[in-house]
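Chemist: One structure coming up, written as structure tokens, with questions to follow.
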Amino acid sequence: MSKVRIAISVGDLNGVGIEIAIKAHEEVSKLCAPLYCINSYMLNQASTLLNYKIPSNFEISEVGGEFAVKKGCVDKDSGRYSYDSFIHAISLCEQKKADAVVTMPIHKEAWMLAGLKYKGHTDLLREHFKRDAIMMLGCQKMFVALFSEHIPLKDVASSIKYKKLKQFFLDFNNSVPNERVAVLGLNPHAGDNGVLGNEELIITKAIKSANKKVCFEQFIGPLVPDIAFTPHIREKFKYFIAMYHDQGLAPLKALYFDESINVSLNLPIIRTSVDHGTAFDIAYEKKAKTLSYINAIKSAIALGERL
């Protein structure tokens with residue numbers, strides 16, 4: 001049986017992504033057939049800076065473009081190349097030349113400097129596929145999906161609309177159909193029956209309606225946010241839905257930073273990613289850890305087996 005073929009988007013080459021890819025290649029090659037979206041010029045430049053030998057079976061799919069790597073720097077050229085690598089990886093999946101995409105970290109400011117309008121991978125995937133992709137992060141011990149992602153905190157409350165939230169729950173069910181899911185409230189004490197805010201009324205209505213639609217009590221809540229990730233609750237739930245970015249990711253990363261990954265749900269392709277940034281502060285210093293990347297590879301393979 002042939003190995004799963006995974007297109008690797010190399011991320012921002014001024015960061016740690018390419019170090020992780022080369023360092024983990026031997027182990028990853030035992031799990032799948034990785035195809036790295038980079039050209040030989042950029043790969044050789046990065047490997048020289050790292051003083052790493054490129055493995056003989058390090059297969060690349062050429063992505064055009066040449067620039068000087070500026071390790072640890074925010075740069076429009078590296079931003080543009082990380083975008084081009086990602087688009088190339090998506091195209092390989094669409095052409096059935098790859099079974100999944102795994103992404104290394106990009107830098108959002110570098111994308112902005114390159115004139116790109118997207119706030120990140122998930123934002124691009126939504127527009128590319130015209131689907132409401134869901135960002136979910138975590139590991140086998142706990143996963144957290146985000147209702148709102150990269151928006152200012154002041155805009156979160158106004159983003160909580162009944163129809164939008166209900167559809168989010170139903171889209172989540174399409175990807176994770178059989179698991180019970182803990183849904184967090186927005187306000188302290190989950191609003192204290194309206195004393196500290198009314199958004200929980202909207203969340204409750206959306207939960208009830210979605211559960212009726214999926215024909216079982218899949219979504220439970222809204223839970224009081226400050227106790228949602230306590231050991232007692234985590235014994236009952238593996239999946240959580242947070243109303244905003246830091247509400248869900250601060251506890252996740254405090255508990256499982258090194259091993260967590262990022263998964264895009266509700267899409268026609270499989271896409272997983274490392275759950276960390278470009279780590280410019282340690283770029284090309286041979287200090288980057290590979291566990292999140294290896295877990296992202298394993299999850300992409302597992303998701304493919306489920307389809």
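All positions are counted from 1 along the displayed chain.
Note: Cβ is positioned from N, Cα and C throughout, glycine not excepted.
Here's the feature list from Swiss-Prot:
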type	residues	note
BINDING	His121, Thr122, Lys253, Asn262, Arg271	substrate binding site
BINDING	His150, His189, His245	divalent metal cation binding site
Chemist: Let me know the largest Cα to Cα distance in Å among the substrate-binding residues His121, Thr122, Lys253, Asn262, Arg271, as an integer.
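Modeler: Farthest Cα pair among residues binding substrate: 20 Å.
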Chemist: Could you give the Cα-Cα distance between Asn262 (substrate binding site) and His245 (divalent metal cation binding site), in whole Å?
Modeler: 13
Chemist: According to DSSP, folded down to helix, strand and coil, what is Arg271 (substrate binding site)?
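Modeler: The three-state answer is strand.
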Chemist: Give me the non-local Cβ neighbours of His150 (divalent metal cation binding site): same chain, 6+ apart in sequence, Cβ-Cβ under 8 Å, ordered along the sequence.
Modeler: Lys108, Lys119, Gly120, Asp123, His245
Chemist: Using other CB atoms within 10 angstroms as the count, which residue among the binding-site residues His121, His245, Arg271 scores least?
Modeler: His245
